[in-house]
């Protein structure tokens, strides 16, 4: 679920950037998504959106699925669970690790998506 995704992000980036900074970034970070991603970080969000789409095709509900994960010094790791729990955790884990390695560009926060995301 979104709370766990937020915690995964914080674990992966070691608390360097608040999760809220990722909730309205580029064309894909946040609700919806369209057009061409504006940068690598936005591509992470598009990949996560696509992964959620695959989860839904498997009958999972990615926004409300609770899953288990651990935050180790080397980064987060998904725990055991049902097929849906594992799949959604893997989606979020990949995104969180992608966020942690992608540069954050302040000019892509809270952009005019109607103009820039065609």
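For all residues, glycine too, the Cβ spot is worked out from N, Cα and C.
Over in Swiss-Prot, the protein carries these features:
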DISULFID  11-71  disulfide bond
DISULFID  27-117  disulfide bond
DISULFID  29-45  disulfide bond
DISULFID  44-98  disulfide bond
DISULFID  51-91  disulfide bond
DISULFID  60-84  disulfide bond
DISULFID  78-89  disulfide bond
REGION    106-118  region 'Important for membrane-damaging activities in eukaryotes and bacteria'
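Structural mapping of features recorded in Swiss-Prot.
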{"residue": "11", "record": "disulfide bond", "DSSP (3 states)": "helix"}
{"residue": "27", "record": "disulfide bond", "DSSP (3 states)": "coil"}
{"residue": "44", "record": "disulfide bond", "DSSP (3 states)": "helix"}
{"residue": "51", "record": "disulfide bond", "DSSP (3 states)": "helix"}
{"residue": "60", "record": "disulfide bond", "DSSP (3 states)": "coil"}
{"residue": "78", "record": "disulfide bond", "DSSP (3 states)": "strand"}
{"residue": "84", "record": "disulfide bond", "DSSP (3 states)": "helix"}
{"residue": "89", "record": "disulfide bond", "DSSP (3 states)": "helix"}
{"residue": "98", "record": "disulfide bond", "DSSP (3 states)": "helix"}
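Between the candidate disulfide-bonded residues, 44, 60, 78, 117, the densest Cβ environment within 10 Å is the one around 44. Listed in sequence order, the residues of the same chain lying 6 or more apart from residue 84 (disulfide bond) and placing their CB within less than 8 Å of its CB are 55, 58, 59, 60, 61, 65.
Taking a C-beta cut-off of under 8 angstroms and a sequence separation of 6 or more, residue 91 (disulfide bond) has the following same-chain neighbours: 48, 51, 52, 54, 55, 62. Here the CA atom of residue 78 (disulfide bond) lies 12 Å from the CA atom of residue 11 (disulfide bond). Looking only at the disulfide-bonded residues 44, 45, 78, 98, the one with its C-alpha closest to residue 27 (disulfide bond) is 45. Neighbours of residue 27 (disulfide bond), defined as other CB atoms within 10 A of its CB across all chains, total 23.
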